[in-house]
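Engineer: Below: one structure in C-alpha cells.
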C-alpha cells in the first residue's frame, strides 16, 4: 500500500499536481516611456549640445566685435582669433555629441552631402537660431546697445559684393569641414583646430567686406535684438549657397580618389595572380 501511495504521489508530481505549481513566468518589463526611450534621449542630447555650442559661439564671437567697437581693445586679427578659438573649443567639447554644426548652413549641407539625418535638420536649425538669439540677448544685457556697440552684420559696400564674399568664405569653410570629416581623412583629432584656423582666415578675408558671417544664425540673432537688419537676405542665402557649393565640390573629388585607389589595387592583384 505504501508503495502504491508513493507511486500515486510521483504520478501527480509528474502531471503537475501534488500542490507544487510550476514557476510562473515573470511579466515582461513595461516599455520605456517616450521621454526615456534611447532615441529621444539621444536626440535631446544632440539638440542641447547644439544650443549650448551656438550660444557660446555667439557670446564670444559677437562679444569680441562689441568690445572692439566700444573699447577698441580687440583688433581685427583679435576678433578673427576669437571666432576661430570659440568654434574650435566648442567643437572639441560637443562635437562627439552633435557634430558641432552651430550653423544652419552646415546642417543643410551635411544633410545633402554627408548622410546627416534629414529628420534632425529642423530641430538643429531651430536650436541654432534660438541659441544665437539667446547669445545676442546676453550681450545686450552686458553692453549698452548703441550704434557704436554694433555687433551685427551689414554690407560695407554693395549687397552684391557682400553676397559674393559670403559665398566664397563659406565655400572655403565647408570645403575644409567636408575634408576633415571625411572617412578618408587623416587629420584625426586636429579637425576642429583646422576648422578654427579656416574661420580665422575667412574673417580676416571677408570681414572688411561683409562682416564674414558664414552663418545665418549668427546674423539672425543680432537682427532679432535690433542689430544687423540691413540686407539680412545676403547673410541667409549667401552662406547656404556657399556651403552647398563647397560640400558639393569636395564630393566631386572623393569618387576620383577612390577610383584611383581601386585601380591601383586591381593592378596589384592582377600582377600578383600572374606571378613571376
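Glycine is no exception: its Cβ is also placed from the backbone N, Cα and C atoms.
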Engineer: Given 163-181, 258-276, which one carries TrEMBL's transmembrane segment label?
Structural biologist: 163-181
Engineer: With the ranges 22-40, 193-211 to choose from, which does TrEMBL describe as transmembrane segment?
Structural biologist: 193-211
Engineer: Can you tell me which of 78-101, 121-143, 163-181 gets the most C-beta pairs within less than 8 Å of the transmembrane segment (52-71)?
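Structural biologist: Most contacts with the transmembrane segment (52-71): 121-143.
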Engineer: So which of 121-143, 163-181, 193-211, 232-253 is most in touch with the transmembrane segment (78-101), counting Cβ pairs under 8 Å?
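Structural biologist: Against the transmembrane segment (78-101), the leading stretch is 193-211.
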